Structures are given as C-alpha cells and as structure tokens.
Amino acid sequence: GSRTGRELWRAQQDSPRAGKGKDRKAVSLERTKGSEVLFGLAPCGLALSRARRALFRLFLKEPRGGSGRPLRAELALQAAARGVPVLHVPGRALDALCWGRPHQGVCLEAAPLPFRSLRDAEEPRPGADGESGRRRLLWLVLERIQDPMNLGALLRAAYFLGVDRVVATRENSCPLTPVVSKASAGAMEVFDVYSTDDLQGFLKAKSAEGWEVVGTVCRPEDVEDVPVINCSEFQWDKPLIVVIGSEGEGLSLETRLQCQRMLAIPPGRALHPGIDSLNVSVAAGILLHSICSQKRRHGD
C-alpha cells in the first residue's frame, strides 16, 4: 500500500504487454532521500559483495530471457542474504531510474560513496614491506579530472595495473558517481579513492618523506622549469607518485613545480594540428603500464 508499491504496480501494468507506444506512461519510482542509483552488472554486483555503502533496494528487470538472467538471479540471492529488498520491474522502469544509461537489467539504490580522507588513512612507510626493505609503492594523483567517464577509466586502469593508491583533488573534480562506477567496470566499488584539499602541500610533504613526484605532459616543448623524459626511458627505485592533470589544461603550474621530472609519451607519427594529444585515461594507462612493468620485473 506504499506510494512506491503503487508506482511499481502501475509500472507493471504499463509494461509492453499492457499497451504500445503512445498508450504507455513514463515510469517513476520514488527514491530514498539522498540516495543514488548504480546501474550495470559489475557495479551493482561488486557494491553488493563489498557492502562499503548503505544499500537500499535492488531493481531487476522482469524475467523474460536474455544472457543476463543467471547473473541477475545471483545478484538477487546476494541482496537477499544482505537483507536488501529485491524488486522486479519492467525494463522501462530501469531506464527511468538510470536516465536511459546501459543498465543490463540491473539497478541498485544505494548511498553515495564518498572520497576517503587521507587524514584517516594508514600511511604506508616507504621500504617498510619485505625483508629487503625496498618495496616500491606507486600512487596515482589526479588533479581536477572532471569527466566521469575519464575518472572511471582511470580508476579501472589503476586497479588493473597495480597502483597502490589513487588520490584526487577535491576541488573542481568529478565526484564518485554511478557513471564513474560504471565506467570503471565496478573498480570504484572495491578500490579506495582518497582526496586532498591541498595538493601542493601533499606533494611537498611526500617529497620530504623520500617519495619521487613525477608529472605528465603531452607537449614537452611547453615545459621549461622541469626536466622532461620519454616514459619508456624512465627508471625508478623509490616510492613514486605520478600526477595526471585535467582534461585540456593538464597540470597547473603550481603542481608542475612540485614535480622532480615530467613524463611524456612520444607520438608514432607527425601529428596533425588539433590531434596532438591522447585522452587522459589512455595516456595514464600507457604511462602506468610502462612503470608497473618495471615493478613486476623487480618482483615488488
């Protein structure tokens, strides 16, 4: 008899079996105040399995066949085990919940996932792991990444390639939204993302602790105050922070001055004006792979 129950009933009556085209009404489902809606099998499944945020309701597409059916049934069991209500609704209801984005028949209403504070994080000590005392840590720092698709792709690459920690600037940066979670293929649900309000102060403090801070640049000729080297020639033997700048603008001058070196990816041909750089997440993937491959060769 609740309002949500009545809306779900109307959604079911308004399913494709009940009418066509113009006769159907838009489906609207009332959400818990302050909640957001994750969408897609990977984000919803990983959010359910890790339970790092409050979970309210799991919405599944009404069973009508399709490749996603067994996985959706498994999600229903996970939700039930955690006491999360499971509601079966028409596909159009799911479309409305996630604004038409590709949901694969699954949406999950949950509390937002905030950035973690560096003040609350356990600080790993350089060289404290292993008998040799030479374990090399790799952190990725993101300055003002604003596109949620880029942020998600960056998190996915960082998690896959073995980055130890990701830190984002809080100001003028994209929050950890459902779009970011989907673009990260759910990596955001299992990989902590930290934030800082004082990027320059943070980098300066890490340098004083013995970390090397390197920035990234797409046009080496634009940099005069910091040495620029080819990413394939970069060698590292101490804890490392790689700083990635914002889309279009790159690193700010203040951040660039905190870097000991800058890394560049050489192009494979003479570039046409206007196509002289890579997408930020693609560039980060190339740089991180080059660095992490060294880490694997040395057994760190």
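Residue positions begin at 1 at the first shown residue.
Placed from the backbone N, Cα and C atoms, the Cβ positions cover glycine too.
Quick look at what TrEMBL annotates:
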- 1-27: region 'Disordered' (REGION)
- 37-116: domain 'RNA 2-O ribose methyltransferase substrate binding' (DOMAIN)
Residue distribution over DSSP helix, strand and coil in the domain 'RNA 2-O ribose methyltransferase substrate binding' (37-116): 30 helix, 20 strand, 30 coil
Confidence summary (mean pLDDT) of the domain 'RNA 2-O ribose methyltransferase substrate binding' (37-116): 90
